[in-house]
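Colleague: Relevant sequence annotations retrieved from TrEMBL are reproduced here:
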TRANSMEM  12-34  transmembrane segment
TRANSMEM  46-65  transmembrane segment
TRANSMEM  71-94  transmembrane segment
TRANSMEM  106-125  transmembrane segment
TRANSMEM  131-153  transmembrane segment
TRANSMEM  165-186  transmembrane segment
TRANSMEM  192-213  transmembrane segment
Amino acid sequence: MTDTGTVRTIVGIVGNVISFLLFLSPIPTFVRIIKDKAVKDFKSDPYVATLLNCAMWVFYGLPFITRDNTLVITINGIGFVIECIYVAIFFVFSPGKKKTRIIIELLIEVIFMVIVILITVFAFHTMKTRALFIGILCIIFNVFMYSSPLTVMRMVIKTKSVKYMPFYLSLANFSNGVVWVIYGLLDFDINLVLPNGLGALSGLIQLILYGIYCRSTKSDDANDVSGNRSAVELSST
């Protein structure tokens, strides 16, 4: 009979695959930026924020913080690299003021991360207290990350159009949340269950809205989604 550890590993691998695809979802946006050689109205904030979010989850998964969370480290480590590439592209094609803002934001994140590491190492001396401290911070970050689609959902309700809320992206967000909730429940890690539970709920609401408003969306709007949609960044776990 398959043990819980094996099942958790399989679920974690599935979660890694889905999260990886989500990290790649903004690629059309960056292809457009490179092609136009300008960021135009696109904003770097979601990518800079996701960069810090990934760093926090990598730190959370380290052996002296929590046990048996290698798959949390792998996907967020990969996500960190991908987000670095996105931010670098933004930096290259941004005007002077936007470049300065990106540099300031990155410096603030580095300082914040250093402070978090120092507090964790020197103020907390057990894995339980360290996991609690980092876990609370990760949950707070994830709540903010998962709040970003609220703007899109409000737009859907207001315009009665799913133009800027692609079905497959919403489905992937929902699936991603569900898979990581299961992963967290198998070892009952509330720091994984809570934020990803919110992510699954957010994805479910998006799917419900899609079902309600997809028929009222004009066909030309639906075909134009890939070229105009906002990049929605959700943390992997």
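Cβ atoms are placed via backbone N, Cα and C, with glycine included.
From a predicted model like this one, the values you see are computed outputs, not experimental measurements.
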Colleague: Can you work out whether the transmembrane segment (165-186) touches the transmembrane segment (12-34), with the criterion being 3+ CB pairs under 8 Å where the paired residues are 6 or more apart along the chain?
Modeller: yes
Colleague: Using a Cβ-Cβ cut-off of under 8 Å, list the residues of the same chain that are 6+ residues beyond the ends of the transmembrane segment (71-94) and lie near it.
Modeller: 9, 12-13, 15-16, 19-20, 23-24, 26, 30, 33-34, 37-39, 42, 44, 47-48, 50-51, 54-55, 57-58, 60-62, 102-103, 106, 183, 192, 235-237
Colleague: Please report, as numbers and ranges, the same-chain residues at least 6 past the borders of the transmembrane segment (192-213) whose CB is under 8 Å from any CB of it.
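Modeller: Answer is 72, 138-139, 142-143, 146, 149-150, 152-153, 156-157, 160-162, 165, 167, 170-178, 180-181, 183-185, 234-235, 237.
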